[in-house]
(Lines of atoms letter the chains of each structure in order from A and count residues from 1; the text may use other names and numbers.)
(Lines give C-alpha, C1' and ligand atoms only; values in the text may rest on other atoms or scores of the structure.)
Protein backbone atom coordinates (compact mmCIF):
# COMPACT_ATOMS: atom_id res chain seq x y z
CA UNK A 1 0.00 0.00 0.00
CA UNK A 2 2.88 2.31 0.75
CA UNK A 3 4.43 1.64 -2.67
CA UNK A 4 1.24 2.72 -4.42
CA UNK A 5 1.57 6.18 -2.90
CA UNK A 6 5.20 6.67 -3.97
CA UNK A 7 4.47 8.04 -7.46
CA UNK A 8 1.94 10.69 -6.32
CA UNK A 9 4.38 11.77 -3.60
CA UNK A 10 7.21 11.92 -6.13
CA UNK A 11 5.19 14.11 -8.53
CA UNK A 12 4.05 16.30 -5.66
CA UNK A 13 7.65 16.75 -4.61
CA UNK A 14 8.53 18.05 -8.08
CA UNK A 15 5.64 20.47 -8.38
CA UNK A 16 5.63 21.81 -4.84
CA UNK A 17 9.13 23.30 -4.86
CA UNK A 18 10.44 26.44 -6.52
CA UNK A 19 13.88 27.96 -6.78
CA UNK A 20 15.02 31.39 -7.74
CA UNK A 21 17.97 32.37 -9.87
CA UNK A 22 18.73 34.80 -7.06
CA UNK A 23 20.87 33.84 -4.09
CA UNK A 24 19.04 32.10 -1.26
CA UNK A 25 19.35 35.28 0.79
CA UNK A 26 16.74 36.81 -1.50
CA UNK A 27 14.80 33.63 -2.14
CA UNK A 28 11.10 33.82 -2.94
CA UNK A 29 8.63 34.12 -0.06
CA UNK A 30 5.15 33.04 -1.06
CA UNK A 31 2.29 31.10 0.43
CA UNK A 32 4.05 27.83 -0.34
CA UNK A 33 7.45 28.78 1.05
CA UNK A 34 8.95 27.11 4.12
CA UNK A 35 8.12 28.79 7.40
CA UNK A 36 10.03 28.46 10.67
CA UNK A 37 7.34 26.05 11.99
CA UNK A 38 6.95 23.71 9.02
CA UNK A 39 9.07 20.94 10.50
CA UNK A 40 7.72 17.96 12.41
CA UNK A 41 9.12 18.90 15.80
CA UNK A 42 7.32 22.23 15.75
CA UNK A 43 10.49 24.10 16.63
CA UNK A 44 11.39 27.24 14.67
CA UNK A 45 14.19 27.00 12.13
CA UNK A 46 16.35 30.06 12.59
CA UNK A 47 18.61 30.78 9.61
CA UNK A 48 20.47 33.73 11.04
CA UNK A 49 23.84 32.06 10.52
CA UNK A 50 23.05 31.41 6.86
CA UNK A 51 22.17 35.06 6.32
CA UNK A 52 25.29 36.21 8.16
CA UNK A 53 27.54 33.99 6.05
CA UNK A 54 25.88 35.31 2.91
CA UNK A 55 26.35 38.89 4.11
CA UNK A 56 30.09 38.27 4.58
CA UNK A 57 30.85 36.19 1.50
CA UNK A 58 28.50 37.30 -1.26
CA UNK A 59 29.37 41.03 -1.53
CA UNK A 60 33.13 40.55 -2.18
CA UNK A 61 32.50 37.57 -4.48
CA UNK A 62 29.89 39.42 -6.52
CA UNK A 63 32.18 42.44 -6.70
CA UNK A 64 35.05 40.37 -8.11
CA UNK A 65 32.74 38.65 -10.59
CA UNK A 66 31.44 42.03 -11.71
CA UNK A 67 34.89 43.58 -12.19
CA UNK A 68 36.50 40.71 -14.10
CA UNK A 69 33.36 39.90 -16.06
CA UNK A 70 32.74 43.51 -17.07
CA UNK A 71 36.31 44.07 -18.23
CA UNK A 72 36.48 40.76 -20.11
CA UNK A 73 33.17 41.14 -21.92
CA UNK A 74 33.83 44.77 -22.80
CA UNK A 75 37.13 43.73 -24.38
CA UNK A 76 35.29 41.09 -26.42
CA UNK A 77 32.80 43.68 -27.66
CA UNK A 78 35.53 46.20 -28.51
CA UNK A 79 37.58 43.64 -30.43
CA UNK A 80 34.55 42.31 -32.30
CA UNK A 81 33.47 45.80 -33.35
CA UNK A 82 36.83 47.47 -34.01
CA UNK A 83 38.75 44.52 -35.48
CA UNK A 84 36.25 41.97 -36.71
CA UNK A 85 33.52 44.42 -37.81
CA UNK A 86 30.92 41.71 -37.03
CA UNK A 87 31.36 40.12 -40.46
CA UNK A 88 30.25 36.56 -39.66
CA UNK A 89 27.39 34.79 -37.89
CA UNK A 90 29.82 33.58 -35.23
CA UNK A 91 30.80 37.19 -34.53
CA UNK A 92 27.14 38.14 -34.16
CA UNK A 93 26.55 35.38 -31.61
CA UNK A 94 29.74 36.18 -29.71
CA UNK A 95 28.70 39.83 -29.55
CA UNK A 96 25.24 38.97 -28.22
CA UNK A 97 26.71 36.51 -25.73
CA UNK A 98 28.89 39.29 -24.35
CA UNK A 99 25.84 41.58 -24.15
CA UNK A 100 23.95 38.87 -22.24
CA UNK A 101 26.78 38.53 -19.76
CA UNK A 102 26.92 42.30 -19.31
CA UNK A 103 23.18 42.50 -18.58
CA UNK A 104 23.66 39.74 -16.03
CA UNK A 105 26.71 41.42 -14.52
CA UNK A 106 25.14 44.87 -14.20
CA UNK A 107 22.78 43.56 -11.53
CA UNK A 108 25.46 42.00 -9.32
CA UNK A 109 26.47 45.18 -7.43
CA UNK A 110 22.86 45.60 -6.34
CA UNK A 111 22.52 41.96 -5.23
CA UNK A 112 25.84 42.36 -3.40
CA UNK A 113 24.43 45.34 -1.50
CA UNK A 114 21.20 43.46 -0.84
CA UNK A 115 23.03 40.42 0.54
CA UNK A 116 24.62 42.59 3.23
CA UNK A 117 21.71 44.97 3.81
CA UNK A 118 18.02 45.38 3.08
CA UNK A 119 16.64 46.34 -0.33
CA UNK A 120 16.75 50.15 -0.52
CA UNK A 121 16.18 50.72 -4.25
CA UNK A 122 12.37 50.51 -4.38
CA UNK A 123 9.87 48.30 -6.20
CA UNK A 124 10.53 49.58 -9.74
CA UNK A 125 14.27 48.98 -9.49
CA UNK A 126 13.55 45.57 -7.96
CA UNK A 127 11.59 44.57 -11.07
CA UNK A 128 14.10 46.22 -13.41
CA UNK A 129 17.17 44.44 -12.05
CA UNK A 130 15.25 41.19 -11.78
CA UNK A 131 14.38 41.54 -15.46
CA UNK A 132 17.98 42.27 -16.47
CA UNK A 133 19.18 39.35 -14.37
CA UNK A 134 16.78 36.85 -15.94
CA UNK A 135 17.11 38.16 -19.49
CA UNK A 136 20.90 38.06 -19.25
CA UNK A 137 20.77 34.59 -17.73
CA UNK A 138 18.47 33.06 -20.34
CA UNK A 139 20.08 35.05 -23.17
CA UNK A 140 23.50 33.69 -22.25
CA UNK A 141 22.24 30.11 -22.29
CA UNK A 142 20.45 30.56 -25.62
CA UNK A 143 23.45 32.13 -27.36
CA UNK A 144 25.73 29.35 -26.10
CA UNK A 145 23.27 26.95 -27.72
CA UNK A 146 23.34 28.96 -30.97
CA UNK A 147 27.14 29.00 -30.96
CA UNK A 148 27.17 25.24 -30.51
CA UNK A 149 24.76 24.77 -33.42
CA UNK A 150 26.83 27.23 -35.48
CA UNK A 151 29.97 25.13 -34.93
CA UNK A 152 28.03 21.98 -35.75
CA UNK A 153 26.85 23.40 -39.08
CA UNK A 154 30.30 24.76 -39.96
CA UNK A 155 32.06 21.43 -39.37
CA UNK A 156 29.49 18.69 -40.03
CA UNK A 157 27.42 20.36 -42.78
CA UNK A 158 30.02 22.63 -44.35
CA UNK A 159 28.32 22.91 -47.75
CA UNK A 160 24.95 23.84 -46.27
CA UNK A 161 26.68 26.22 -43.86
CA UNK A 162 28.01 28.32 -46.74
CA UNK A 163 24.43 29.41 -47.48
CA UNK A 164 22.94 29.34 -43.99
CA UNK A 165 25.70 30.95 -41.90
CA UNK A 166 25.23 34.53 -43.05
CA UNK A 167 25.29 37.78 -41.10
CA UNK A 168 21.64 38.42 -41.98
CA UNK A 169 20.55 35.05 -40.63
CA UNK A 170 22.68 35.64 -37.54
CA UNK A 171 20.95 38.96 -36.85
CA UNK A 172 17.48 37.45 -37.37
CA UNK A 173 18.12 34.51 -35.05
CA UNK A 174 19.63 36.86 -32.47
CA UNK A 175 16.51 39.05 -32.44
CA UNK A 176 14.31 35.97 -32.07
CA UNK A 177 16.56 34.73 -29.27
CA UNK A 178 16.23 37.98 -27.34
CA UNK A 179 12.44 37.85 -27.70
CA UNK A 180 12.38 34.29 -26.35
CA UNK A 181 14.66 35.32 -23.46
CA UNK A 182 12.30 38.18 -22.57
CA UNK A 183 9.26 35.90 -22.60
CA UNK A 184 11.09 33.32 -20.47
CA UNK A 185 11.87 36.10 -17.98
CA UNK A 186 8.33 37.52 -17.76
CA UNK A 187 7.06 35.33 -14.87
CA UNK A 188 10.02 36.29 -12.73
CA UNK A 189 9.56 39.98 -13.56
CA UNK A 190 5.79 40.05 -13.03
CA UNK A 191 5.75 38.24 -9.69
CA UNK A 192 8.82 39.94 -8.22
CA UNK A 193 8.27 42.92 -5.96
CA UNK A 194 9.69 44.79 -3.01
CA UNK A 195 7.94 44.20 0.32
CA UNK A 196 8.49 45.29 3.89
CA UNK A 197 8.97 42.39 6.32
CA UNK A 198 10.12 42.64 9.92
CA UNK A 199 11.09 46.30 9.55
CA UNK A 200 13.21 45.51 6.49
CA UNK A 201 12.51 45.82 2.78
CA UNK A 202 13.01 42.73 0.64
CA UNK A 203 13.11 42.12 -3.11
CA UNK A 204 12.05 38.72 -4.36
CA UNK A 205 9.45 36.71 -6.29
CA UNK A 206 6.04 36.01 -4.76
CA UNK A 207 4.65 33.29 -7.02
CA UNK A 208 1.14 31.86 -6.85
CA UNK A 209 1.35 28.07 -6.60
CA UNK A 210 0.52 27.39 -10.27
CA UNK A 211 3.01 29.94 -11.60
CA UNK A 212 5.63 28.76 -9.14
CA UNK A 213 5.36 25.22 -10.50
CA UNK A 214 5.42 26.45 -14.10
CA UNK A 215 8.47 28.63 -13.48
CA UNK A 216 10.39 25.77 -11.87
CA UNK A 217 9.69 23.31 -14.68
CA UNK A 218 10.38 25.89 -17.42
CA UNK A 219 13.67 26.92 -15.84
CA UNK A 220 14.91 23.34 -15.53
CA UNK A 221 14.03 22.60 -19.15
CA UNK A 222 15.55 25.76 -20.65
CA UNK A 223 18.67 26.05 -18.52
CA UNK A 224 19.65 22.42 -18.06
CA UNK A 225 17.91 19.82 -20.22
CA UNK A 226 17.88 21.77 -23.50
CA UNK A 227 21.54 22.91 -23.51
CA UNK A 228 22.75 19.47 -22.44
CA UNK A 229 20.82 17.78 -25.25
CA UNK A 230 22.13 20.26 -27.82
CA UNK A 231 25.72 19.88 -26.60
CA UNK A 232 25.63 16.08 -26.61
CA UNK A 233 24.05 15.86 -30.07
CA UNK A 234 26.12 18.58 -31.74
CA UNK A 235 29.50 17.76 -30.23
CA UNK A 236 29.04 14.06 -30.90
CA UNK A 237 28.58 14.88 -34.58
CA UNK A 238 31.48 17.34 -34.52
CA UNK A 239 33.88 14.84 -32.94
CA UNK A 240 32.82 12.12 -35.36
CA UNK A 241 33.53 14.43 -38.30
CA UNK A 242 36.82 15.76 -36.94
CA UNK A 243 38.24 12.31 -36.28
CA UNK A 244 37.88 11.63 -40.00
CA UNK A 245 39.58 14.90 -40.91
CA UNK A 246 43.05 14.62 -42.44
CA UNK A 247 44.17 17.98 -41.15
CA UNK A 248 45.70 16.85 -37.86
CA UNK A 249 46.52 20.33 -36.56
CA UNK A 250 43.07 21.70 -37.23
CA UNK A 251 41.45 18.59 -35.78
CA UNK A 252 43.41 18.66 -32.52
CA UNK A 253 42.86 22.41 -32.10
CA UNK A 254 39.10 22.04 -32.52
CA UNK A 255 38.97 19.01 -30.22
CA UNK A 256 40.82 20.93 -27.50
CA UNK A 257 38.34 23.77 -27.80
CA UNK A 258 35.32 21.47 -27.63
CA UNK A 259 36.81 19.68 -24.63
CA UNK A 260 37.38 23.01 -22.87
CA UNK A 261 33.83 24.20 -23.58
CA UNK A 262 32.23 21.07 -22.15
CA UNK A 263 34.56 20.72 -19.14
CA UNK A 264 34.22 24.38 -18.11
CA UNK A 265 30.44 24.35 -18.53
CA UNK A 266 30.00 21.27 -16.34
CA UNK A 267 32.64 22.43 -13.86
CA UNK A 268 30.84 25.68 -13.16
CA UNK A 269 27.21 24.53 -13.35
CA UNK A 270 27.14 20.88 -12.19
CA UNK A 271 27.54 21.70 -8.46
CA UNK A 272 24.62 24.12 -8.64
CA UNK A 273 22.48 21.61 -10.53
CA UNK A 274 23.22 18.90 -7.94
CA UNK A 275 22.26 21.18 -5.06
CA UNK A 276 19.18 22.31 -6.97
CA UNK A 277 18.18 18.66 -7.47
CA UNK A 278 18.61 17.88 -3.77
CA UNK A 279 16.62 20.95 -2.78
CA UNK A 280 13.86 20.16 -5.27
CA UNK A 281 13.45 16.61 -3.94
CA UNK A 282 14.22 17.54 -0.34
CA UNK A 283 10.85 16.44 1.02
CA UNK A 284 10.68 13.29 -1.10
CA UNK A 285 14.18 12.22 -0.04
CA UNK A 286 13.29 12.61 3.63
CA UNK A 287 15.59 15.58 4.19
CA UNK A 288 12.93 18.02 5.34
CA UNK A 289 14.54 19.21 8.56
CA UNK A 290 16.13 22.42 9.71
CA UNK A 291 19.76 21.26 9.71
CA UNK A 292 19.63 19.90 6.17
CA UNK A 293 17.72 22.97 5.00
CA UNK A 294 20.41 25.28 6.39
CA UNK A 295 23.16 23.25 4.71
CA UNK A 296 21.30 23.37 1.40
CA UNK A 297 20.86 27.13 1.76
CA UNK A 298 24.60 27.54 2.25
CA UNK A 299 25.41 25.18 -0.61
CA UNK A 300 22.99 27.02 -2.89
CA UNK A 301 24.68 30.34 -2.17
CA UNK A 302 28.16 28.99 -2.88
CA UNK A 303 27.33 26.91 -5.96
CA UNK A 304 25.13 29.57 -7.53
CA UNK A 305 27.89 32.13 -7.10
CA UNK A 306 30.28 29.65 -8.73
CA UNK A 307 27.85 29.27 -11.63
CA UNK A 308 27.59 33.02 -12.04
CA UNK A 309 31.35 33.30 -12.43
CA UNK A 310 30.94 31.36 -15.69
CA UNK A 311 30.14 34.68 -17.35
CA UNK A 312 33.73 35.72 -16.56
CA UNK A 313 35.08 32.62 -18.30
CA UNK A 314 33.00 33.09 -21.45
CA UNK A 315 35.35 35.72 -22.94
CA UNK A 316 38.26 33.31 -22.50
CA UNK A 317 36.53 30.20 -23.81
CA UNK A 318 34.61 31.72 -26.70
CA UNK A 319 37.03 34.40 -27.83
CA UNK A 320 40.58 34.43 -26.51
CA UNK A 321 41.41 30.80 -27.36
CA UNK A 322 42.00 31.86 -30.98
CA UNK A 323 45.61 32.82 -31.67
CA UNK A 324 44.64 35.56 -34.12
CA UNK A 325 42.16 36.97 -31.63
CA UNK A 326 44.85 37.19 -28.98
CA UNK A 327 47.02 39.04 -31.47
CA UNK A 328 44.17 41.41 -32.22
CA UNK A 329 43.92 42.07 -28.48
CA UNK A 330 47.67 42.62 -28.19
CA UNK A 331 47.63 45.05 -31.09
CA UNK A 332 44.64 46.87 -29.64
CA UNK A 333 46.51 47.46 -26.38
CA UNK A 334 49.67 48.52 -28.20
CA UNK A 335 47.83 50.85 -30.54
CA UNK A 336 45.33 52.46 -28.18
CA UNK A 337 46.38 51.91 -24.56
CA UNK A 338 50.14 52.24 -24.97
CA UNK A 339 49.62 55.27 -27.19
CA UNK A 340 48.31 57.23 -24.24
CA UNK A 341 50.91 55.89 -21.83
CA UNK A 342 53.98 56.30 -23.98
CA UNK A 343 53.72 59.09 -26.54
CA UNK A 344 57.49 59.37 -26.94
CA UNK A 345 58.15 55.90 -28.40
CA UNK A 346 58.21 56.15 -32.21
CA UNK A 347 60.18 52.92 -32.59
CA UNK A 348 57.59 51.10 -30.53
CA UNK A 349 54.78 52.33 -32.75
CA UNK A 350 56.62 51.47 -35.96
CA UNK A 351 56.92 47.92 -34.64
CA UNK A 352 53.22 47.87 -33.83
CA UNK A 353 52.26 49.20 -37.25
CA UNK A 354 54.46 46.61 -38.93
CA UNK A 355 52.78 43.85 -36.96
CA UNK A 356 49.34 45.12 -37.87
CA UNK A 357 50.10 45.28 -41.58
CA UNK A 358 52.08 42.05 -41.86
CA UNK A 359 50.17 39.76 -39.53
CA UNK A 360 46.58 40.55 -40.44
CA UNK A 361 44.79 40.86 -43.70
CA UNK A 362 41.04 41.18 -44.24
CA UNK A 363 40.90 37.63 -45.54
CA UNK A 364 43.05 35.73 -43.04
CA UNK A 365 42.21 37.81 -39.99
CA UNK A 366 38.47 37.23 -40.17
CA UNK A 367 38.84 33.55 -40.84
CA UNK A 368 41.28 32.81 -38.05
CA UNK A 369 39.46 34.76 -35.34
CA UNK A 370 36.39 32.62 -35.86
CA UNK A 371 38.50 29.50 -35.30
CA UNK A 372 38.42 30.43 -31.62
CA UNK A 373 34.95 29.01 -31.44
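Our numbering is plain: 1 for the first residue shown, then up by one each step along the chain.
Each Cβ is built from the backbone N, Cα and C atoms, and glycine gets one as well.
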Worksheet item: Do residue 83 and residue 297 end up on the same side of the membrane, going by Swiss-Prot?
Response: no
Worksheet item: Do you know which of 150-170, 171-191, 192-212 Swiss-Prot annotates as transmembrane segment?
Response: 171-191
Worksheet item: Can you check which of 92-112, 281-301, 323-343 Swiss-Prot lists as transmembrane segment?
Response: 92-112
Worksheet item: Taking DSSP three-state, what's residue 152 (phosphotyrosine) in: helix, strand or coil?
Response: helix
Discussion item. Please report the three-state DSSP label of residue 203 (disulfide bond).
Written reply: strand
Fill in: Under 8 Å by Cβ from residue 126 (disulfide bond), counting only residues of that chain that are 6 or more apart
119, 192, 193, 194, 203
Worksheet item: residue 152 (phosphotyrosine) has how many other Cβ neighbours within 10 Å of its own Cβ?
Response: 20
